[in-house]
Structure formats: C-alpha cells, structure tokens
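Some features that Swiss-Prot has for this protein:
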ACT_SITE  Lys34  active site, proton acceptor
MOD_RES   Lys34  N6-(pyridoxal phosphate)lysine
BINDING   Arg130, Met302  substrate binding site
ACT_SITE  Tyr254  active site, proton acceptor
Amino acid sequence: MKPATAKISSLALKHNLELIHQKAPDSKMIAIVKANAYGHGVEFVASTVEEQVDGFGVARIEEALTLRSKGIIKPILLLEGFFSAKDLPVIAVNNIQTVVHNREQLEALKQTKLPNPIKVWLKIDTGMHRLGVALDEVEDYVEELKKCANVEPLIGYVSHFSRADELDSDYTRIQLNRFLQATEDKGGPRCIAASGGILFWPDSHLEWIRPGIIMYGVSPTDTPSSEFGLIPVMTLTSSLIAVRRHKAGEPVGYGGTWISKKDTKIGVIAIGYGDGYPRNIPSGTPVYINGRIVPIVGRVSMDMITVDLGEDCTDKVGDEVILWGKELPIETVAKHMGILSYELMTKLTPRVLTEYAD
C-alpha cells in the first residue's frame, strides 16, 4: 500500500517527443520544462530528452541554473526574459539565452558590462497582449539590439498565440500573419508555435517550435490526448486505506454535503489538498479503481478523499487507485473540476512521492 505517488514514464516522454518531431520535421525544438517540468521533475525530464531536443525553455533564471548544475549543456531560453540587470552577468557566464520584451530590459543590456555577448530573442506582441513589443516598435528594437555589443548579432524572434486551441477562430491566423510580416527579411530564427500551434496550425511550424503540455502527453484542449497519439507521462496513484459500510440517509465528510440515497460502501483514499489535489471540486469527480470509474463524494480533506464504491463492491484496503493517467485522462478529470490540466499537474506538493520508470 502506497500513499499518493506520481509515476513518471520515460518511454511515454520519448514517444511524445518523437510524435512532435513527426508533426514538425523541419523545425528545431525548445522543450518547455518550466515549473519543475510541469510537475514531472525537471532533472529527470531534461536528462531523458536532451538528445531529442535542441534546447530548453524556462520561466526563471533559477530554473536555468538548476539545469546547468545538473550537467545540461543544450541552449536554455528564459521565456520571460531577465527580471533584473543583476542577472545579466550570470546569464552570460552560464550561456543562457533571454527573451527581451520591454524597454527596461533593452536599456539594461546596453548599460551592463558583460564578459561575452548574450543570445537574445525579441518577443513581439501579435495579439496576446501580455508580453512583447508592439508591432510598430519592432524595427526600432531590432536596430538598437543590433548596435548593442552585449547582444549576439543573430537575433531570434518569438511570439505567443492566445487562441491556438480554438480551431474555429481566425485570430490565430491573424497573429501568425502579423508575426510573419514583422519578421520578414530579418534573417533570424523564429518561434511562435507552442503546443496548440504544433497540433493544429502546421503553417506556424517555423525554424523553431516549443512544445509544453503535449510533451507530457496532455492535450491543450478538452479532447483526450490519446486522440492525438500522445501518451500520458504521469500517472497519479494512491491507495484505498478504508472500505466502510454506509447507510442510506447518512452524510459523508466535513459539512455533510453529500448524503447517500441508498446503502453503499464508502472508500477512503490517501490523497487530499495537502498533496495538491484540489479542495473545491464537485461530488462526482471520477477516480479509477479496479477497472471502473467511481465518483468522489463529500468534501476533499487535507489527507483523504472519499468515493462511493457501491454496495456490492469487492474493493479492499490496499487496492491501487488512479487519480489520472492512461486509464483516466487528466483532461476528463480537469473538465469535471472546471480547471485546467496544467493546474492539476503543477500544483502537486512535495508530499506526493515520485517514481521514475522505464
């Protein structure tokens, strides 16, 4: 019997990357490993896929330095750029690449003394309206970056789709056209396709792509990843720690929010919000036990959840429970909860054990 455990498959990870290569065979790949590789373990993921990818993308300089400390030598890109001019010498010494998306970053590059030039990617706002320089500012930024001694001569260009998972929207096509026009004749590498772009917008597969959630076998939409040929890298499991007879009309859990309409058996599973399993979920959220789906009933506790096993169940203490994985797609669980698959994976706490397989 084990407590909450995230089982991570290297074979699934490698399979997904091969599938991505097949979809964009002419593009180089930046593997996104921010947020501890979406909860999968950044050291394991990076070392597993280093030979299959051309670089890594992270959100914080600390994440980049962790990769370097683990012996990763491939290029690493700071997707949000640097937060302080004090970071620039560290970036230069550790051969880290950075996005530039605002005037403050540009001025810091001009004014800081560095031991060697840095590879820079200019982020262009094509319609996400979160980060990036305006379309009418691109030429000025490019000119200033090319004059800066701290910047390597070949500038990269990057942008981000806001609706790549909305196949009936024209907005992605509009963003792509803006990006292509803004970078026309610039000569540097370009990257705009993340997971949604890779799956649904082949015209956006430019010199570089940057897979995130699909690398981990999860769909960027409500559609289960299996329909795209992806295999979940993470299977979240736990164990039944109690099976109890329960009378009709009796409540379960804090606040008595769920009352059984008939005699049944209640299973208690060793996972709760202390492990990162969301607290505010509806009754009926599915889990997988012994080949079938059963519903969560009552409130999620810090360490436990309760499920309705049915009166005639044969489940016993110690049986494995799957919270999500190949048998129960995380997309299905997330949709039932009304949240994103990204949230489920990245919110798991250190209390959840990790097992690396294959």
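Quick reminder: no glycine exception, Cβ is built from N, Cα and C everywhere.
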Entry from the recorded positions list Lys34, Arg130 having the most other CB atoms no farther than 10 A: Lys34
Return the residues near Met302 (substrate binding site) by Cβ distance under 8 Å, restricted to its own chain and a separation of at least 6 in sequence. Gly272, Tyr273, Gly274
Quick note, Arg130 (substrate binding site) and Tyr254 (active site, proton acceptor): C-alpha atoms separated, nearest Å, by 40
Do me a favour and check the Cα-Cα span between Tyr254 (active site, proton acceptor) and Lys34 (active site, proton acceptor); whole Å is fine. 36
